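Trainee: The structure that follows is given in the form of structure tokens.
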Amino acid sequence: MVASARVQKLVRRYKLAIATALAILLLQGLVVWSFSGLEEDEPGEKGRQRKPRPLDPGEGSKDTDSSAGRRGSAGRRHGRWRGRAESPGMPVAKVVRAVTSRHRASRRVPPAPPPEAPGRQNLSGAAAGEALVGAAGFPPHGDTGSVEGAPQPTDNGFTPKCEIVGKDALSALARASSKQCQQEIANVVCLHQAGNLMPKAVPRHCQLAGKMNPGIQWDEVRAQQPVDGPPVRIAYMLVVHGRAIRQLKRLLKAVYHEQHFFYIHVDKRSNYLHREVVELARQYDNVRVTPWRMVTIWGGASLLRMYLRSMQDLLEVPGWAWDFFINLSATDYPTRTNEELVAFLSKNRDKNFLKSHGRDNSRFIKKQGLDRLFHECDSHMWRLGERQIPAGIVVDGGSDWFVLTRSFVEYVVYTDDPLVAQLRQFYTYTLLPAESFFHTVLENSPACESLVDNNLRVTNWNRRLGCKCQYKHIVDWCGCSPNDFKPQDFLRLQQVSRPTFFARKFESTVNQEVLEILDFHLYGSYPPGTPALKAYWENTYDAADGPGGLSDVMLTAYTAFARLSLRHAATAIPPLATPLCRFEPRGLPSSVHLYFYDDHFQGYLVTQAVQPSAQGPAETLEMWLMPQGSLKLLGRSDQASRLQSLEVGTEWDPKERLFRNFGGLLGPLDEPVAMQRWARGPNLTATVVWIDPTYVVATSYDIAVDADTEVTQYKPPLSRPLRPGAWTVRLLQFWEPLGETRFLVLPLTFNRKLPLRKDDASWLHAGPPHNEYMEQSFQGLSGILNLPQPEPAEEAARRHAELTGPALEAWTDGELSGFWSVAGLCAMGPSACPSLELCRLTSWSSVFPDPKSELGPVKADGRLR
């Protein structure tokens, strides 16, 4: 009784707290119930689908010559995607994710019944695969972008044919952006769940075990011996993308011989390069361009499809009697002469050269993701779940650069052997299929004894830098990529123990000197006085592409560059000639090039049609805009002397450790990165401070610099839009300055490719809401940093944020002129302005002679170089 009375007394005393707790529990229950209701399939809930967590990278790859790196796991939330039966002609317009338990059968909605198809019940394993791929193994001519081997949707609605399970498939469906891609994913997963997608077993025709021919050693004496029979002829398959036409020409000039054949595929997204390559091919009968084009993403199934289709084309070109198929990219370059290559292949005319991974197969299968199902659509490789390797075969793989005999290519393209047909089906849904398909077919085929474990290449692998998951935005996996060769790597190019005839990768925007060294090693030096040997130009914009490919930042910068240059032309000449040198720009620039000299970025070259202010015909000028350095190294101590440079930019490349956005052009909506280079020295901790144009301390953070650290970089999560104008980044140690740099956030004169309107300018140029770049305020540091009073700068920023039209252009030009200067102008043709030199006589101009990248007529020895 005493205890009961005590309980009642406690209840009376704390009844308010108890009531509050019960109310909170009731509210939580209602919230949970309401959120579970969101998962039900109700009409009009299109936007409530929750995305899974981003992919989590796993361990890194160490395979000898494979691009596959580490796997990423899909979103962690488990659940089901399912379709709902609708009235005829009314497909489900969306999919919903159910998180209810499996035993809650009352909430289940059965999948839409699949349409009847003749012979559907008999499709299983390889038979289903053949039905999907088609008789030829690849689809008829047409657009690409997804793998046509997948069952295609019949309409734009998304109608799952089954109840889809598995976290990988659910994650892919949640992230796919188009209904067609979602439908393809659902169809593939449903076939896979039913066991009708992958072959269960594949026949093996090779009776040998292990590696067939581990390698062939290079023998200088044997290489000089005469060849029995006619010399082999080679079909080079060049797979290119981007805009580096000059580097492609340099490669073609190095490998060209009139006895060989050259077939070039240009990525469907690279229209400028395609136009240039088509023009190039018109000069030579043995150079052709594929009449079709594909979007070939890194690691995608479309790359294998492109190779198979190209091989069939090459086999069917009349008069092209080639013996070997060699694939190259524009970043490859020969390391031995054509004569040495032909002699070597003529002595080994029955061998196929492919580089294997060099590890046990079970480890390779896991690292390469061969035990996972992938599908390509929306220019992305989606991981959809696990699968089994077909029984009965040995799976091999490694590098997707190879040298294949014509007989093996014919076997792969034309055979009706179930080995090839079923492996085509298997590799249609495989990550990096070109790195394994040809290896696996050959190692299980009757020609397995012809395999040599060497692809005749040397690749500049640096896993520490090259395996940074740099392709995770297009592949649900962490991949690796080789590094560019530099002069210090030249000894690696001189392989003496094994035959190597090509090397990769080379990029002239990163380092051209190593190409000069290699070219001299192969062919000797150019004649004395040869121009432009240290210069390199690369197009970034061409009028034929239209402005659609330009960002608003680039469009703003290029047009402002033209205005600055024309103003310079009118003021930097003798007074008497001034009226003849006043020009007005006509339209947008016609082309823009990056200009490098001696492996240093020198600026942008803008070609612009202009109208003289005086009477006269229209002219075309090229203008050179050079960036002005703003780095200040301020420290004097031993630790401070470690700092070598401090840069801010976008498009940071962790593999080559440079900014791909040369010149650092960025706008209010960009996400800049601060990078520091260090010399070796004692450990230190540095503080990085970002200051905006109105002296707002946007952010501050510390970086630890170990004794052997060479590069540090960080992208702070700043709220956008960034305030336009000159920003400052300071590097300090114990609040003593080590260095400082300035960078420009460019005021935009264009928004969505149209002149900026006032209602857009008022938010785009006003900085972040409440001047808060981060959740935490760092303004308390302004006193320590001795920043000026912000009021005058804030008032100027408010006025600038309202500008449009000519006033906005004047502001943009003024800001840009603080970071860029006009280094030169020239005329593409005769000009009324006497101070303008012809561009073809101007050493920095993009039309100046460039013999190293000019092809010219075929010489008496059948070569171009």
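Every residue, even glycine, has its Cβ placed from backbone N, Cα and C.
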Trainee: Choosing among Cys467, Cys469, which residue does Swiss-Prot name as bonded to Cys478 by a disulfide?
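Mentor: Between Cys478 and the options Cys467, Cys469, Swiss-Prot records the bond with Cys469.
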Trainee: May I ask you to find which of Asp267, Asp371, Asp453, Asp542 Swiss-Prot records for the UDP-alpha-D-xylose site already listed with Val239, Thr296, Ile297, Trp298, Asp400, Trp401, Ser481, Arg504, Lys505?
Mentor: Asp267
Trainee: Identify the disulfide partner of Cys833 as annotated in Swiss-Prot; candidates are Cys581, Cys826, Cys839.
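Mentor: Here Swiss-Prot pairs Cys833 in a disulfide with Cys581.
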Trainee: Considering the candidates Cys162, Cys181, Cys206, which is the cysteine that Swiss-Prot reports in a disulfide bond with Cys190?
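Mentor: If we follow Swiss-Prot, the cysteine bonded to Cys190 turns out to be Cys162.
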Trainee: Just choose from Cys377, Cys448, Cys467 the cysteine that Swiss-Prot connects to Cys206 via a disulfide.
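Mentor: Of the candidates Cys377, Cys448, Cys467, the one Swiss-Prot pairs with Cys206 is Cys448.
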Trainee: Residues with Cβ closer than 8 Å to the Cβ of Thr296 (UDP-alpha-D-xylose binding site), same chain and 6+ apart in sequence?
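Mentor: Non-local contacts for Thr296 (UDP-alpha-D-xylose binding site): Val239, His241, His265, Asp267, Ser302, Leu303, Met306.
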Trainee: Let me know the model's mean pLDDT on the topological domain 'Lumenal' (37-865).
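Mentor: Reported value for the topological domain 'Lumenal' (37-865) is a mean pLDDT of 85.
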Trainee: Cβ neighbours within 10 Å, counted over all protein chains: which one of the glycosylation sites Asn327, Asn683 has the most?
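Mentor: Going through Asn327, Asn683 one by one, the largest Cβ count within 10 Å is at Asn327.
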Trainee: Near Arg504 (UDP-alpha-D-xylose binding site), which residues of its chain come within a Cβ-Cβ distance under 8 Å, counting only those 6 or more away in sequence?
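Mentor: Spatial neighbours, sequence-distant, of Arg504 (UDP-alpha-D-xylose binding site): Ser329, Thr331, Asp332, Tyr333, Trp401, Arg457, Thr459, Asn460, Pro482.
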Trainee: Hey, of the binding-site residues listed (Trp298, Trp401), which one tops the CB count within 10 A?
Mentor: Trp401
Trainee: Across the record's UDP-alpha-D-xylose-binding residues Val239, Asp267, Thr296, Ile297, Trp298, Asp400, Trp401, Ser481, Arg504, Lys505, the largest CA-CA distance in angstrom?
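Mentor: Between the most distant Cα atoms of the UDP-alpha-D-xylose site, 19 Å.
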